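Below is one structure, written out as structure tokens; comments come after it.
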Amino acid sequence: MGSCSLQLPLINLADKTLEPGSSKWAEVRSDVRKALQDFGCFEASYDKVSLELQESIMKTMEELFALPVETKQRNVCPKPYVGYLNHNNLSESLGISNANILENINEFTQQLWPHGDGNENISKTIQLFAEKLVEIDVMVRRMVMESFGIEKYIDDHLKSTEYRMRLMKYIAPPEGDANTTVDDYADLLAKLNIDGVEPNVGVKVNADISDDVNANPSVNAGVGANVNADTGVNDNLNVDAEANGDANIAVGGGVNANTDLGVGVNVNSNVAVNAKTGATSGDDVEANDDNEEKKLGLPCHTDKNLFTVLFQHEIEGLEVKTKDEKWIRVKPSPNTFIVIAGDSLCALMNGRIRAPYHRVRVTEKKRTRYTAAIFTCPKPDYVIEAPKELVDEKHPRLFRPFDYRDLFTFYHSEAGRKIQYTLQAYCAVSEA
């Protein structure tokens, strides 16, 4: 058993004196930046989400996922795989675009209850909860941009993004269930084709970690993802999932630098994994055999969007990989939310913030895990470019500007499917 002391930083974002320009704001802003540089994520304490609202969103998810499959399948979107997803009843999710806007949520509930006016109570609960997650996201994004001296771009940046919400349900596989394998989850991830999932099945990776570019696979091959997979299989499956749009971030001396902040993940789903894991807040995370891998509700990955704000309620499951390749098992506590940086933030900040590898590993027998998350997504027709203020001799530019749609096409090309670190292959500056 490893150390029990590892845990994510806990930052209070609900302090009554936490106002922009105040000394408390500067203090918390510094803590947020350090947490994102060191871990790529942190636990946010935010008691502005009442316990009553937390219970309401849980009951809402239970009610939604209890609907017949044919009803849930009405949750559709013009983009494939953005709506309802189900894989062998091991996990399923529902998707809502701009869930902080009541009109959009009403459209969602009307899909499920088309012969009435939707479900007013469910719509209102989702809206209220989404609004609180958006509050956290906006506060953190403002702090990050201020901390790097690019606060003059904040307003344009905030206007350039939109939100996608996912309500998720995970069921722990029964002990000894030989029918549930990593291949099952890889197949699921391939079907999550529009949420930015990029699984690499059976790959053999052993990569180093950089101090400055800590976990951006596009910057440093395998940063934060030291996976030893001795399977002899080198056929990589790269599937991007676009719960994404594009975001316009005005950065860099009058240049309307464009950024892709799409929701997506870069997944390493390895058969016969030898994962050297570390202990976490309370428990060691051991994943040295196939039985442990069967518990994965979502294999190891990095998000591709800007930020994810996650609520996992009472049942744990989220695990985050540290710089030194140890796993932190994040234990839920009241009024806390997990803020996770994505690959797009790494690119936007020129590698100064890391996007952590993380996974979902459900271990509690016969207990269903419900989570809700807001993903900060880009609006259409923009590309990523780090602002000039973040590029200097010590921090040379790591990425060429790129349009998300072109990157997405590359992901699905024959060449893209053969490359593990697709973003790096597509747009990394060669001198970096």
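Backbone N, Cα and C atoms are what each Cβ position is placed from, and that goes for glycine too.
Annotation comment: Swiss-Prot describes H301, D303, H358 as Fe cation binding site, evidence class sequence analysis.
Taken from Swiss-Prot, the feature 2-oxoglutarate binding site applies to R369.
If you look up Swiss-Prot, you'll see 281-378 marked as domain 'Fe2OG dioxygenase', on the strength of sequence analysis.
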Between the C-alpha atoms of R369 (2-oxoglutarate binding site) and D303 (Fe cation binding site), the distance in angstrom, to the nearest integer, is 20
Neighbouring C-beta atoms (10 Å sphere around the C-beta of H358 (Fe cation binding site)): 25
Work out, from DSSP, the number of helix, strand and coil residues along the domain 'Fe2OG dioxygenase' (281-378). 10 helix, 43 strand, 45 coil
